[in-house]
Amino acid sequence: MKENEDEINKTDEKYKIKNPSNNGNNKNKNNNNNNNNNNNNNNNNNNNNNNNNNNNNNGNSNLENIEGLNKYNIYKKKKGKNESNTSLNNIYISSPNLSERSDNSIGSYCTNKTMKSENSIINIETLFRDSVSEQNSDECGSKVDKDLDEDDDDDDDETEVPELVDYSEMIVSILYPVCITMVIVVLAIRAISSSTSKNSQIVEISNDNSGGNGDSSSGADKMVFDSVVNSLIFLAVIILSTTIMVVLYKFKLMKALYAWLMGTSILLLGVFGGFLFLILLAYLNLGLDYVTFVIVVWNFSVGGIVCIFWYSPKLLNQGYLISISVLMALFFSRLPDWTTWGILSIVSIYDIFAVLCPGGPLRILIETAQKRNENIPAMIYNASIYIGMIYNEDNLENNNNNNNNNNIELNINEVDIENNNNNEDENKNNTEDGNNNNNKNKNNNNNNNNRIENENGAENSSENGSITPPPTIPNFIKDEKEINRSSGSNGFPNFKKCANDNILIGDAETNDEIVSNAESSIDSTISESYVKPKQSIRLGLGDFVFYSVLIGKAASYQITTVFTVFIAIITGLFLTLILLAVFRRALPALPMSIIFGIIVFFLTFKILIQYIYFLGENQIFV
């Protein structure tokens, strides 16, 4: 037994390990010595018991060969239950002074230290090293990632249910622009068609398409043939333009792609917008000179290009996208009736193929954009409703930099703590076996002049009200307010220097503050780095256009058809968005709304309106 104690004491003396858990025992021992000065025999017995506790604690210390820690890592382990004692689970401290030991055979060793205070017990696991290696830091990182993945799985399970509830906000956000577009188209068509000239032109076009009253069969055949041919030509143009866009994006010809998109936007805003502007001036009987007209159209076109393809306020960008949809819908609605119905039907069928089939051009475009983690390079209306935190690449890079800054090597070359009013009580006790253990308890009452020097020898002090935290402890304390709150009179935390070791150990309040600040910093970093944003709903401008074409064609007949078709389109879009939330994949937005709209239009025009006329002629009121 005595030989084991001698070997352990020599090991302690060689590596200068001092277990803080014994400080509490020594403190109690000193109190016993001060209170019972006359009982020397009892003091010797207490000393023997304390020395035995020292030997047992040193014997139970974990000696681990860890291949170098040059990172300073703090992370919180979630155990699933609350503990009454405040504990800092893992603090990895790398001390270069300890790495200069002559004995390299041990490599590194670990000892558990416990510091007892009046209100709490703080467990500190201190790891020393004498060689530099990245392997352990990678292991620590993988361990943290594993814990975070488990937490993310739990969070996903918790947030999976309310996601469908919050999905209603995105549905409403996409219904607003669709309704605005259709209302503007209806108002424009009703205003234009109310004039005498436009009414006469509409009658002449309808008579030409009907083929005259003489031969109704040949007129019907010609009308169907013309509508089919026009629809196929229009579909061929759509397929060609979509294929060109996919090829340009697939081969990363982004300049050509955006030049093409900008050219079409200028054509829509400048030419179609200018022509519609002339019609409105004629309808309102307003005069305008050509110079002012050109300036207005030019500013409108260039402003649209800037807002759509560059930076602009969100509402302005969405306003220009709605304007483009309105312009296209107004001109497509001027096509003959059966050509319009044929185009809407064929485009709806093609939309199913383009989005859902494996070889569809739109599906290829979507999959390519997802693989590259990029937005689809097209004029697409984005609902931009993110439930949770908005996430972008800049925030990702900043969070990664912050996470890398958390892993900083803690090099303490020199720690000098000067105390003006220090009361030192030194008690030297001799064991009966002849082994001498010197236990020193240093009680610091006033810490007025503390100085912590970094590895370059530069001093960090608080002068002229400027407080700079130690650079070796980056994320313990986040700002000056927390530094002042958890610091002594000069702005630095109250640390104590462990005897025979260059290890900083804080008192109870300082350690509690460090634990709370570190845990809150880690939790905020985890939430910023691992919280993924909710995907927003994006609807192509083509969907806006064809919805508006359908309701615009209905507006050229009766106001009753406008309301019924409007309800049918919104119902189809709503069902499509519900399916989008269920299947969680890209779905075509045209088929359900267009099919419902066409069916409701003919039912309203052939049945409901005739029924309303019948009730009105017979003066039957329901």
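Each position is counted from 1, following the chain as shown.
Every residue, even glycine, has its Cβ placed from backbone N, Cα and C.
Predicted, not measured: the structure shown is a model, and the values here were computed from it.
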In Swiss-Prot, Ala191 and Arg584 sharing a membrane side: no
Distal contacts, the topological domain 'Cytoplasmic' (584-588) - CB-CB under 8 A, six or more residues away: 348, 351-352, 354-356, 362-363, 366, 576
Other C-beta atoms that fall within 10 angstroms of the C-beta of Asp351 (active site): 23
Criterion met for the transmembrane segment (169-189) and the transmembrane segment (563-583) (at least three Cβ pairs under 8 Å): yes
Residue distribution over DSSP helix, strand and coil in the topological domain 'Cytoplasmic' (584-588): 0 helix, 0 strand, 5 coil
Cβ neighbours within the same chain of Asp543 (active site) - under 8 Å, at least six residues apart: Ala589, Leu590
Counts by DSSP class (helix H/G/I, strand E/B, coil) across the topological domain 'Cytoplasmic' (610-622): 8 helix, 0 strand, 5 coil
Assigned element (helix, strand, coil) containing Asp351 (active site), judged by DSSP: helix
